[in-house]
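Enquirer: Have a look at this one before I ask anything.
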């Protein structure tokens, strides 16, 4: 009889094994995952959010023991033995100790039901029951008041189960006993309780455990930071009860709730409220709009990550009362009303509550589900909040948005219009058969501007075929709509804004679209004026963006159009794009002529690398549709078509690319960009290419976003944005000795580098690069001549670009060494991918910008300190040591103070001096303003202070470069109440790194270390290049000298000789051939070169070349760098 090998289908687990096998059901997953958590630094000086990699269970087993200690504060309250201290200690091996005094667990077997073993009731000590057996608790009696976090009798036992060892020590002074018991092997084994006598007068409970790291993962610095946050929570909660909290023997300095909330570094106004019976306390803070700033809340000492009823108990009455005040009738805003969504993102709540018998969402207790709580918001609090400057600004901006969105019926009005194929749209040429029974066979061509329209008109007579047989031609079948202006990102726009965008409405009217219509049926498709759309964009990143915006419009509002339901449309897809080449190479061999078209830069570069480049090759760049001649249009019109197809991930990718709320996902998307990881090849020989929307987003549209960031974010190596780099390149190309008008230089740069974003942007860039007032540049890269703006208004008072001049300052070539130019990588537009400055300009001049998905704010630092640090780094590097850069921000000409204020933040202070009092009035002088506060702005602030009676008078004696305000007041004035301070952050230092990827640097040291490592490599590259260049020059010079001697000594006969004979002589005598394999450098020498003085010059040149080669041979890259630094220093 055969035996069965089938496993048992059903089984049971012990309580312990159930926790070990399925921990996520009770305590949380043991699998480490990336998530956002609050962490605290070693000094307990700041609480911040951070992405960490951690298993939830590892955190929870710590919190469960800690929560028991907090619960004991409440149990001990009002007793003869109140809790006075809680101590937490974490050893290097992960062993964790949590100790608390106060009321103790009695060392007795008389106060519990015991446990059942083999069907028999056995008495056990309270400690063994509480810490060693699941579902044991003192919290099951719901008839008594319970203001603790414990409820289910599971928490600390899970810590025991998920630990390799777990020990509990209890001292009971009343019974004069000490209890010790240790469990091992995940609570499966125990050495048994040991009870001894104790003379200690202070009772305590102490838990010592070592987590099962094999299951949970090891402690990291981030995890310890999370533990500190939970310990800090305990210190805050315990402070009101006079309980001291220690972490690793260090007492935490939290004395009240406000001390705790300050650690979140709130920069705006805040206010605190305490419920009359003391059961709850809240701090309400105004914050910059950020929907991810969740409330910070606690129930009975337990951190509730997701809030709950205690948070709602404050937020609901607060926002109800706030809106009732903000929405009072107004002549300006009439019947408009703000709603919750207009104000809630701007307030953050910090809540601490004590609740009887709390009910949570799960064992992890992230949210309070009941009881329902209602707290009281006094009217005076709402009055104060409404007077906050931030709230006033919010009120005004929110009502302005409502005013703009008042007319929400425009779409309905538009849809109610009858279908009119010959709609009046400026510059639109409708197809003759559009809107007829043959409209489904018509195609609307969408292009950019009138020059692109001309291209389309020239091309439609050629026609387009997607099958190779049925070619449609002419105006009967093709309509042409040139887009006039910027196409709206409709995914973030309300209906009013969308319909007011004429570019969108032109497309809607031309197509005959009806909002809300389902176009998945043949009948609904026939209602359109056109059956398909072809986009003809410019062949650049901006053209890709237009494609994306049009696709986004149809996907968001008319996604059913992507599904072909009309049989004829299978051969003519609904939406496609016509591509034109960006580069044409015209080969000019002796016989014949070949033209090769390239649709991507990558394909062109590959061709150049794989083919020998001939001087007769001609290159033509197509910068836009307007660069194509009329006679050339038929050759390329419709020859490369890309068909857009919907795919399963299209919605997710469209949201990622265009939706405001997906900002974090967009950042990660851009960070991971790899231009070499491509699956779509536009240079494929196929005429018709199929492209999924997801692939378009991730491989094509991302190029626009990256280019947008290049315009907005600086590069780590040269510290320049794209436009700044183009200006430096253009100025070097200009190479004029005289000053040049800003307007002239801008036009020259635009022409030289094919800058596509308007000369006005270049004018602004040039002006900013030359400005010298406080806060503009520590080292201006251009020399100003004229009025370039002052600190009066932050440079906005600059004169017109037509009237002011710039020049190349002497320092420019000391920072950007011309010797590096040959070894830099260059773009197709001509300028370097990045320059290689001798010093890190990114740290010296800083940078501010906003791009797609990213912004940056990099402070300025002292060039002298940076240079000293570079010298130290170079010297210590050669000794095998590492230098750490630690400097605080510095702004040239600033006379105030800059002080560190927590991690990643500094405060700049203006200067306020107290003069002698006069007639009961305080007299003050303001002689400096904080960074980025301009003189005119402070004058406006003083006018407001006078209206609010903070000050009495304000006399302005400031000049263009200095600040001087004389202020009198009946009150004592401070830096704080005059707002003479501003924050300088180092928490958003985003830039392109050495690999061309977007990277956020956390510290100045991180930037400097990477800059130094990359810069030293460039010096070595320069050294090798110079040696190669010098050796080649030496070889040529020595060959010239030998050639002169051989000719003069008649060893070589060249007079009346055939070329072949001369060449053979040179070959036989082993003369050096040039790069072309020729001897032209010898044979083209002028006969005057054979005169003695020229021979002497050549000999002197050879000696100089040998000296230079010797110098570069004996000098390492660090010494080269130091030499450049020493030459630069006198110009700083």
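Yeah, the Cβs are placed from backbone N, Cα and C, and that goes for glycine too.
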Enquirer: When Swiss-Prot marks a stretch as region 'Interaction with DNA', which of 959-968, 969-978, 979-988 is it?
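Expert: In Swiss-Prot, the region 'Interaction with DNA' feature sits at 979-988.
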Enquirer: Using other CB atoms within 10 angstroms as the count, which residue among the recorded positions 448, 489, 666, 667, 802 scores least?
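Expert: Fewest other Cβ atoms within 10 Å, among the recorded positions 448, 489, 666, 667, 802, is found for 802.
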Enquirer: For residue 666 (site 'Interaction with DNA'), name the DSSP secondary structure in the helix/strand/coil scheme.
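Expert: Looking at the DSSP assignment, residue 666 (site 'Interaction with DNA') belongs to a helix.
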Enquirer: Please report the three-state DSSP label of residue 803 (active site, O-(5'-phospho-DNA)-tyrosine intermediate).
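Expert: Note: residue 803 (active site, O-(5'-phospho-DNA)-tyrosine intermediate) is coil by DSSP, not helix or strand.
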Enquirer: Which residues, sitting 6 or more apart from residue 803 (active site, O-(5'-phospho-DNA)-tyrosine intermediate) on the same chain, put a CB under 8 Å from its CB?
Expert: 741, 786
Enquirer: Can you see whether DSSP assigns residue 157 (ATP binding site) to helix, strand or coil?
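Expert: Helix, per DSSP.
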Enquirer: Please determine which of the recorded positions listed here (68, 540, 721, 755, 934) has the lowest count of neighbouring CB atoms within 10 Å.
Expert: 540
Enquirer: What is the nearest of the recorded positions 489, 538, 667, 721, 755 to residue 155 (ATP binding site), using the Cα of each?
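Expert: The smallest Cα gap between residue 155 (ATP binding site) and any of the recorded positions is with 667.
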Enquirer: In sequence order, what residues of the same chain, 6+ apart, have a Cβ less than 8 Å from the Cβ of residue 486 (site 'Interaction with DNA')?
Expert: 501, 503
Enquirer: In Å, rounded, how far does the Cα of residue 489 (site 'Interaction with DNA') sit from the Cα of residue 666 (site 'Interaction with DNA')?
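Expert: With distance taken Cα to Cα, residue 666 (site 'Interaction with DNA') is 15 Å from residue 489 (site 'Interaction with DNA').
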